[in-house]
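Novice: Have a look at this one before I ask anything.
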Amino acid sequence: MESIGVLLTCPMNPYLEQELDKRFKLFRFWDFPSANDLFREHSNSIRAVVGNSFIGADAQMIEALPKMEIVSSFSVGLDKIDLVRCKEKGIRVTNTPDVLTEDVADLALALILATLRRICESDRYVRSGSWKKGDFKLTTKFTGKSVGIIGLGRIGSAIAKRAEGFSCPISYHSRTEKPGTNYKYYPSVVELASNCQILVVACALTPETRHIINREVINALGPKGVVINIGRGLHVDEPELVSALVEGRLGGAGLDVFENEPNVPEELLAMDNVVLLPHVGSGTVETRKDMADLVLGNLEAHFLNKPLLTPVV
């Protein structure tokens, strides 16, 4: 397979890059002055693309690479891949589900706890020497709080299971009601927000879920409510979130993703009731290796004419 051209769209993981280089003829997108230079020189050599949640395979890339057979994404989310165009051209698409579910669910709970118990602010309080001047203020408990989850898929279900361990009543919103669950279902996000204290975004990004957290939803959640986003930045209308936090219409937020990463609204940086993370939901050594192995396994399966491990298209 050493002669098969594979395009890596951006730096992702050292192990993945090393293994791609060993097993295939690797092209690194960032080694070229522009996309046009890459396409002009190697359009007929590239048969596979490895993308992620930042750079995938858009219509321009798909059209520019006529020999492309498969896109293997180093992510679960596929919003950076033109799936319609891939289907039209018979290009296979894979992702990395399941292997990152536990890490992302763990992080969601960590964000909830950090936001409610002001863990980051408490840490700064000790480091700054403020503790010597007096005790830290009281915070809010998590146990028993009602948790609403948008998207009860693999990750949403794992979050619900963890929250149950804190005696939290669970409710959810999904495209359809899930059979076999005892959680309360709400057909609209506004209804869900009106009936929970912590609202967690765990759904896929689609045109329908873009800005699913908007002014109406935030107002329904209320001034004591907390938004947790471990989905995609575009799930949240960021200007509306910022204004709600500034005006006290929302109690707090724990955010792992943002609309225009790595840029974060300036106003959020000074807020102690907001916890900000640099999109690290799956960011553990173990999980990133598992994700890389899944990408590699899908590529090898495709080029050996074997069934794909995690086919999407």
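Please read every residue number as a count from 1 along the shown chain.
Note that Cβ sites are derived from N, Cα and C of the backbone, with glycine treated the same way.
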Novice: What does Swiss-Prot list, out of Ile228, Ile230, as binding the same NADP(+) as Leu152, Gly153, Arg154, Ile155, Ser174, Arg175, Thr176, Asp256?
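Specialist: Same NADP(+) site in Swiss-Prot: Ile230.
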Novice: Starting from the Cβ of Arg232 (active site), draw a 10 Å sphere and report how many other Cβ atoms land inside it.
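Specialist: Excluding its own Cβ, the number within 10 Å is 24.
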Novice: I'd like the number of other C-beta atoms within 10 A of the C-beta of Leu152 (NADP(+) binding site), please.
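Specialist: Around Leu152 (NADP(+) binding site), other Cβ atoms within 10 Å: 24.
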Novice: What is the separation, in Å, between the Cα atoms of Glu261 (active site) and Leu152 (NADP(+) binding site)?
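Specialist: Here the two Cα atoms are 25 Å apart.
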Novice: Do any of Leu152, Ser174, Thr176, Asp256 (binding-site residues) have a CA within 10 A of Arg232 (active site), and if so which?
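Specialist: Among Leu152, Ser174, Thr176, Asp256, the ones whose Cα sits within 10 Å of that of Arg232 (active site) are Asp256.
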Novice: Just to be sure I understand: of Leu152, Arg154, Ser174, Thr176, Asp256, which binding-site residues have a C-alpha no more than 10 angstroms from the C-alpha of His279 (active site, proton donor)?
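Specialist: If one measures from the Cα of His279 (active site, proton donor), the binding-site residues that come within 10 Å are Asp256.
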